[in-house]
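In Swiss-Prot this protein carries:
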BINDING   C12, C92, C188  [4Fe-4S] cluster binding site
BINDING   H36, H70, H120, S216, S217, N218, S260  isopentenyl diphosphate binding site
BINDING   H36, H70, H120, S216, S217, N218, S260  dimethylallyl diphosphate binding site
BINDING   H36, H70, H120, T160, S216, S217, N218, S260  (2E)-4-hydroxy-3-methylbut-2-enyl diphosphate binding site
ACT_SITE  E122  active site, proton donor
Amino acid sequence: MKIQLASSYGFCFGVKRAIKIAEEHQGSKTYGPLIHNKDEINRLKEGFDIGLAEKLDDVTPEDSVVIRTHGIPKDELSQLKAQENPIIDATCPYVTTPQNIVANMSEKGYSIVIFGDKEHPEIKGVVSYAKDLRNAFIVKHEDELKGLPILSKVAVVAQTTRKPEDFLKIVNALILNHKEVRVFNTICNATFENQDAAAELAKDADVMVVIGGKHSSNTKQLHSICKSYCDDSYLIENEAELEPKWFEGKKLCGISAGASTPDWIVQNVIDKIEALK
């Protein structure tokens, strides 16, 4: 069985930047998990004494606080500043872009539509920048737009890790029903590249392994894309989750990895699959 990596996979610019920031601030705490990868979080904890604050009460006066890659709600950032904790912002620049767009367009009187998962930390942060939360709407499907009190002029942004084709469905539905629609494509380039590369490989592979955190939006999107081309597509966090039966009788095993998956985990998975051959 041949093992082939997707032409684009793994750590994106924003995650690489955040990891470097954390490593340079040994002994600090991240506000929320820095990235959606438990193994890498544990590496930072063990090697660099990086702690975790899940809420404001977990932050002590002496803590230096690293803001997670996904960003945090505006009011929580303001409270951290009011507490005068040293703050190191590791929010991905691709995430601050929709934050700024939402702030700017809502100030100009536009309704805000955000395509994404309302429970995802990135989206919780982005929507908090709206001037009036009653005029900001989070949707995952175009059907959810029906009946919403959206104004005649609307600005739309996307969670950075969503599928472009799904974003277009939201945009098309808005254009059909609203006089002025301002579209801001805030999907990250790395997301495009990883998704396209995974799709191309999945077309040829007879088994696909997608590596990444189970709570990682971009990893789940990759798995969904692979599954649409290759029925035997599996999402794992590390090599311990591999099952020998997946590879029985297979000729080509494709591998992709989410944006929060470090190369050392990818290599561990490859080594384990090699051993199973």
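Just so you know, glycine gets a Cβ as well, placed from its N, Cα and C.
Listed binding-site residues: T160, S216, S217, S260; maximum Cβ neighbour count within 10 Å falls on S260. Considering only the recorded positions E122, S216, N218, C12 ([4Fe-4S] cluster binding site) has N218 as its nearest partner by CA-CA distance.
Among the record's dimethylallyl diphosphate binders, H36, H70, H120, S216, S217, N218, S260, no two C-alpha atoms are more than 15 Å apart, and one pair sits at exactly that spread. Cβ environment of C188 ([4Fe-4S] cluster binding site): C12, G14, C92, Y94, T160, T161, A259 lie under 8 Å away, each six or more residues apart in the same chain.
Long-range Cβ neighbours of H120 (isopentenyl diphosphate binding site) (same chain, at least 6 residues apart, Cβ-Cβ under 8 Å): H70, Q159, S217. Around the Cβ of C12 ([4Fe-4S] cluster binding site), 26 further Cβ atoms fall within 10 Å across all displayed protein chains. Note: the CA-CA distance between N218 (isopentenyl diphosphate binding site) and the residue listed as 'active site, proton donor' rounds to 12 Å. The Cβ of H36 (isopentenyl diphosphate binding site) lies under 8 Å from the Cβ of G212, G213, H215, S216, S217, T219, G258, S260, each on the same chain and at least six residues away in sequence.
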